[in-house]
Structure formats: structure tokens, C-alpha cells
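Visitor: Got a structure for you, questions after.
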Amino acid sequence: MVALLVAVAVFAAVEALILSGALNPYWQQIICLAGIVTISALGLNLIYGYTGQFSLGHAAFYGIGAYIAALVTRGIGSHGPAILPLSLVAGAVLAGLVALLIGLPILRLKSDYLAIATLGFGIIVKVLLDNADQVVPMMGGSRGMSAIPRLTSFVWVFPLAVVALVVLRNIVYSGIGRALISVREDELAAEAVGIDSTRYKTLGFVIGCMYAGVAGGLYAHLFTFLHPSNFDFLKSIDVLLVVVLGGLGSMSGTIVAAVAWTFLLEGLRIVLPPAVQDWRWVIYPLLLVIFMLVRPGGIFAGTEFRFLREKK
């Protein structure tokens, strides 16, 4: 109950700042982006942090969700209140279906082989998006997809991030979550006690990728322009860094790291002079290395805020 009141208070406070004009459109966009990154990272944390499946293709599902949501919105041509939820559902469902199709064969692979397979899938999706205009001209291919209506706002992002968190919490502390964690800890032992590891790994993978699909749909309707380069390997690394920094298997860590990482990226972009902007990509890894040396388990190292802990 206290957690709900805090969430409502945060929502009301930020929305009041937006309505009063205290937050300009730029910072509204950054706050929304932080929420979108949180949703995507929660999905990857389910896949990697709780199920132990090292995926390097998360951006591919992010991109699938983004393009499908944008196609639905532009295809219908309506800007009514129901169009964004409809497009997000479409993006999430297709991302989940694709995850199911590729998950069944590749999730039988272990460790490094799984990482390579998901990386390969991500590259395939990027190439397909680069040439998608040959099949669907509206997608723009390597020129990018434009004319997407700006429907994403804090009113949508914050509640969806809360729902994503609640759903993940309920999964983690359910029988499904315990099975996923068992597979992560010792797959052979889990199978010995009757847990179908392939089934649960696939389930975790599909749900996590659906999170990415929702995040992608929100992203598309926040920036109103999509380009295949937005969903390349570096975007997968971005989300992976958030999960690792926050702490594998920690919902609290994912939230804090996603918000901190988003504002750090923007903060350095503002602070650093244009002549040394490219040095950001030296500073980020350096900060990560230093942080992981100081705290290798991540910010929360598997612990949670009180409201996210399992009730005894």
C-alpha cells in the first residue's frame, strides 16, 4: 500500500511539473526515455538475471516492437487515445512470437554459444530493417521511418513501467520464477527434480522480449523517427550494462541503474564540449570498469527495496 502511494505521489509530482511548464520538452523526453529503458532492462533482467541466459540480441526485439508499433499507428492513420495501446500490444505480441520461434532452437545452446546465436540474430534483424523498404516502403529501410505520431508521454510511460515491474515481481516470486532461478543456478539439478529447463528458458525469453517490444513501441512514438542504427549491437550492450550495473537478479538495481544511466549519458553530452563528444565512449566504459572493480555485484547485488521483497 505504501509503495502504491509513493508511486502515485511521484507520478503526480512529475505531472504537476510538466503541466506547470517547469519541465521543458527536452527533460520530459529524457524522463520518458529513462522509463522506456527501465522497461526494456527489466525484460533483459528476466532473461539474464533470473534465468541465466546471456542474450546479446535484446535490441533486435526492441526494434521489432518499435517498427511494428509504428506500422500499426501509421497504417490505421488515427491518433485517438486507443491507438497507442493497440500498437504497443501489436509490437509486444510480434516480438514475443519471434522470440518463441528463435528461442526454441537457440535456447538449447549454452553460455557463449547462446550469446553468439543471439548476437547473430540481432545482426540479421538490423540487415532486414536496412532493406525493409523493398518489401514495405513505409518502413524507409536505411533512410529510416518518419512521420510517426508523437503519442508517448509521461502519462503512458510511468504507469506502464509500474505495471512491468509488478508483473516481473509476481513472476519472480511465483512457481515459474522459482523454476527459472533453479535453471539459472543448476540446469542439470533442475531437470533432475522434474523441471523442464527448455520450456522455462523459452518462457522467460519470450516474456523478456515482449518487454522489449513494449519499450520499442514507446520509443517509436516518443522520437517519431526510427532508423535501423537505433537497434544495433551497441543498443543491446547499453541495456546489458544497465542490468549488470544494477545487479543481476535485482529489480531495484535495474530501476536505479536505468534512470542513472540515462541521465548520465545526457549529462555528459551536455557537459562535454562538442570537440570531445566522442570521448564519451571512452568515459562510459572506464566508469563501468571502475564501478565493477569497486562493486562487482552491481549496485544492489541481488537485494531489493522493501516493497519488492518476497512477502513471508
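Each residue's number is its place along the chain shown, starting with 1.
Every residue, even glycine, has its Cβ placed from backbone N, Cα and C.
Automated prediction, rather than curation, is the source of TrEMBL annotations.
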Visitor: Looking at the candidate ranges 2-20, 59-77, report the one that TrEMBL labels transmembrane segment.
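Guide: The listed stretch tagged transmembrane segment in TrEMBL is 59-77.
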Visitor: Looking at 26-47, 180-201, which one does TrEMBL call transmembrane segment?
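Guide: Checked against TrEMBL: transmembrane segment maps to 26-47.
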Visitor: Report, as numbers and ranges, which residues of the same chain sit near the transmembrane segment (26-47): CB under 8 Å and 6 or more residues beyond its ends.
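Guide: For the transmembrane segment (26-47), the list is 14, 18, 53, 55, 58, 62, 152-154, 157-158, 160-161, 164-165, 168, 171-172, 180, 204-205, 207-212, 214-216, 218-219, 222-223, 238-240, 242-243, 246, 248-251, 254-255, 257-259, 261-263, 266.
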Visitor: Please figure out which one of 113-129, 239-261, 281-302 racks up the most CB pairs under 8 Å against the transmembrane segment (83-106).
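Guide: Most contacts with the transmembrane segment (83-106): 113-129.
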Visitor: Using Cβ atoms and a strict cutoff of less than 8 Å, what residues sit near the transmembrane segment (281-302) while being 6 or more residues removed from its termini?
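Guide: For the transmembrane segment (281-302), the sequence-distant neighbours (Cβ-Cβ under 8 Å, at least 6 residues beyond its ends) are 241, 244-250, 252-253, 256-257, 264-265, 268.
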